[in-house]
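Here the structure is laid out as structure tokens; the discussion comes afterwards.
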Ligand code: AMP
């Protein structure tokens, strides 16, 4: 293939994140972000990595995603990398919800668009924004292959025993209620990268992946395939997150309605935006929480303890699900940077073969690395995630076959 570039787009309702990669060597040529689309003060920040130039910022009105993508293309064109370049092989789109239907990256056509649209009821916040990004990109480059890479796809290998909620089967099926899981591109990338770090093939290792960012999820990966993950129908289930509650008794919701007099939307906002770390202590940034703990702040300390307690429960649960664990991998903003979280999550699990070496854990690096001592039965690893590279790799592999 002579064209070797892939543009990765992650479209939100009022934002677009993008990266342009050259797949001959997986290098990043440019990256950027458009925010506040549809407002008077839309903002574009563009970093031309190939030329090594300084970041450029632009603020002004951008009416819609089409205006935003045209502005991105204009910035890319300044370095000869515009959307109309013949070097561009494909555009890879992050799509949050692919339901049960999309088990792999998929070349987008009208039928695929219709199916992503059909999934809006189970992803009302994300899929409409992803669709807008896809439609805009197709409008600007109708001749170019566009690929949807789904956050849920990696988890479609979960057995029914892990994917089904124990509720009435007919009701569940009628409303497509089941556990789909999210952050799939990250879990896929990190589980493979962890196998590589151990010098083994993904088929030969069992890994627990802990994706700890502002959103957080755990997965149990057996021989390269996901067998359980902590997020469910939506990204609300599972671990304590920056602003989301994670697991709780669903009756809390009835209680808030009946006794608290709250509406469905109010409870949705409470559990998704005002819970988790921010609800517990007023901060969702782990750096700030650690700083407060160092100053003796009790609320921050309790929030940290609740966060770690939940994390540890999932490590134990996935150890039991997998039976044998070769590695546990920490990734994303908190997992890659917060040594105290890694230390506390694994503390006391020596009987399970999990130990963290204090000196190795304290090392700061952007490289995948082991933080367990050489003799440990289970390797504990820090593996920086790279969702854009994963989306670009999957996109390029697919368009190379068509
Ligand atoms: P992500 O969603 O993966 O971008 O992760 C964002 C979160 O990572 C932030 O909200 C912080 O809690 C956390 N984070 C980022 N950098 C650090 C750091 N140096 N130390 C501790 N936590 C960090």
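The first residue you see is number 1, and the count goes up from there.
Using the three backbone atoms N, Cα and C, a Cβ is placed for every residue, glycine included.
Lifted from TrEMBL, the feature list:
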- 151: active site, proton donor/acceptor (ACT_SITE)
- 10, 387: Mg(2+) binding site (BINDING)
- 17, 211, 212, 213, 214, 215, 285, 286, 287, 333, 334, 335, 336, 337: ATP binding site (BINDING)
- 94: substrate binding site (BINDING)
- 183: site 'Transition state stabilizer' (SITE)
- 244: site 'Transition state stabilizer' (SITE)
Neighbours of residue 214 (ATP binding site) among the recorded positions 94, 183, 244 (Cα to Cα, within 10 Å):
244
Among 10, 94, 183, 285, 336, 387, the recorded positions whose C-beta sits under 6 Å from ligand 1:
285
Length of the line joining the Cα atoms of residue 334 (ATP binding site) and residue 94 (substrate binding site), in Å:
22
If you skip the near sequence neighbours and keep only those at least six away, which residues in the chain come within under 8 angstroms of residue 10 (Mg(2+) binding site), Cβ to Cβ?
16, 17, 18, 93, 94, 133, 388
Could you state the whole-number distance in Å separating the C-alpha atoms of residue 244 (site 'Transition state stabilizer') and residue 212 (ATP binding site)?
12
Which residue, of the recorded positions 17, 94, 183, 244, 287, has its CB surrounded by the fewest other CB atoms within 10 A?
287
Could you round the CA separation between residue 151 (active site, proton donor/acceptor) and residue 183 (site 'Transition state stabilizer') to a whole angstrom and send it over?
5
